Amino acid sequence: MNAIQIQDCGFWLIHVNQDIYFPDNNLPFGTAESLNLTHRNAARIGEWEGYPLFVVKEDPAEQREWTALRSLLRLPEEKFYLLNRGVELNYFLKTHRRCGKCGHQTEMARDEWAVQCQNDACGYRTYPVICPSIIVAVRRGKEILLANHTRHMPKNGGSGMYTTLAGFVEIGESFEQTVEREVFEETGLKVKNIRYFGSQPWAFPNSQMVGFLADYDSGEIRLQEDELNDARWFHCDQPLPELPPEGTIALKLINATLNICRQA
């Protein structure tokens, strides 16, 4: 990142971890001087409402009225994705301050999203670490498989949120193999007819959600209890439990699968 210049003007992404400074329901706009940012470093990461968008180097001690990134899923996709870019870039920079090959200090490259080792004898270049995770909706006839994960424990007597299955891709594994493995590990079910649906950047802290649709093949539900509280089949015409929020690829997968169920 470069030192911010007094004349730099645009929208500014200021954040700590996944908390965004979002006053008046938008990012702050103005010159660096008017926003008291001239002592900071930043990088331009795109355009926001026709103006440059800068992400400011993260300061963990910064105190502001924050808005959780998850709550901004309601924004148009292109805006939410830009916020993810900035948050992930700062996460990459703060976790790669030193070269993983020789241990010397790194600095951000000028020609691409990367950090460059400052040891002339090394010069190793490291790129942002993006951890792909599959997310899959499984259909059986007119039914959809939904699960209540341990991180969505029911509260106040409710049923808790039910959603799709997901998991990280392992080394030497295709996305389709990950779908098969994750579904089987978490529920004991085998799936077939796996097909790509879409993807979503997910800065929690550095994932890429890769969405798939799949059909039930065989097996009975057997829970991986350290991951799931419950998993069951829901008929497309019956009342559904609490679902993921708008803007998530999980809800898009669920809605797409329900539409297929109703046409089956």
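Yeah, the Cβs are placed from backbone N, Cα and C, and that goes for glycine too.
In Swiss-Prot, the divalent metal cation 1 site is described by GLU186, GLU227, and among ALA166, ALA203, ALA250 the residue recorded at this site is ALA166.
Between the stretches 57-78, 167-188, Swiss-Prot puts its motif 'Nudix box' entry on 167-188. Going by what Swiss-Prot states, the substrate site holds ARG70, GLU112, GLN200, PRO201, TRP202, ALA203, PHE204, PRO205, ASN206, SER207, ALA250, and the candidate of TYR21, TYR51, TYR127 recorded there is TYR127.
DSSP classifies CYS102 (Zn(2+) binding site) as coil under the three-state reduction. Recorded residues CYS122 (Zn(2+) binding site) and PRO205 (substrate binding site) have their alpha carbons 28 Å apart, per Cα-Cα distance.
Here the CA atom of CYS102 (Zn(2+) binding site) lies 40 Å from the CA atom of GLU186 (divalent metal cation 1 binding site). A separation of roughly 21 Å, to the nearest angstrom, links the Cα atoms of ALA203 (substrate binding site) and GLU182 (divalent metal cation 3 binding site).
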